[in-house]
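Taking it in order: structure first as structure tokens, then the write-up.
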Amino acid sequence: MQAANSRRRCGRLAGAVAVVVLLVGLGTGPAQATTTKPADVYVALGDSYAAGTGGSSPAPGSLPGCHQSLDSYAALLGGLNLGCFGATSLAVKAGLDNLSPADPVAIALGSATEVSVTVGGNDVGTGAVAVACTSADALACASAVQGVANALPALPGNIVAMVQSIRQKAPHADIVLTGYPRLFTVGPTMPTAEKQLATTLNGLADQLNATIAGAASAAGVGYVSVTERFTGHGIGSNNPWIHYTQPSPLDPPELALENFHPTDAGYSQGYRTAVNSGLKK
């Protein structure tokens, strides 16, 4: 059900945003013969990390449920942000496969020279792990961790299939997949139980990133790691680039959404710089 909802949200968002971009930036002037290299057209696909969820400046016109922000790395790099909260590799593929050639999104992708994708976390349930394991329910945590282990083997094939769909819609684009940061900085003063939990969750991030990197290699596309960029800036550090506030029933919904997503600094100094290097922009 989550994947189906993600497909609907991503499809609506992509259409709305792409129409604006096409009207404002892609083809507003008369065609002219030129021998110079055409300007790069960058499109970002993927989940909430691509959308910029957790950024302090919501994107105007972002459809409900996608939680885009102007602090996304796509926006910071001058690209078209088609990220959507909850998206999976299957949802991205389905959204692309269902595009008609005349769809504004298809036209935008057809002009793209660079495409990045942040996806995989929702496929395997890392968000559920983070929520379950920071609660007091040890059984829920163990079950969520096992769920990730069970889901990881299917991820490479799904990512490779997604990349094939991207290539069909963006045949001229260089494609890169991005990884995810370790959520925690493990320090010497951290209590033993918290240190064990943080180490476990960081290890899951490493497994997920290794799986995504392997899928990128199998698909013949690039992989951008953000692990080093976020080192020393996880939850528990003196300068965290990852949101986390202990949940309370009185908290507004947007506060819960921010948890385990990058801060503005995480997007600008972590993801933007890493993706910028990967795309050679």
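Quick reminder: no glycine exception, Cβ is built from N, Cα and C everywhere.
Automated prediction, rather than curation, is the source of TrEMBL annotations.
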Of the candidates CYS84, CYS141, the one TrEMBL records in a disulfide with CYS133 is CYS141
For HIS261 (active site), the close recorded positions (Cα within 10 Å) drawn from SER48, CYS66, CYS84, CYS133, CYS141 turn out to be SER48
Comparing the Cα of CYS141 (disulfide bond) with the Cα atoms of the recorded positions SER48, CYS66, CYS84, the shortest distance belongs to SER48
Per DSSP (helix/strand/coil reduction), CYS66 (disulfide bond) sits in coil
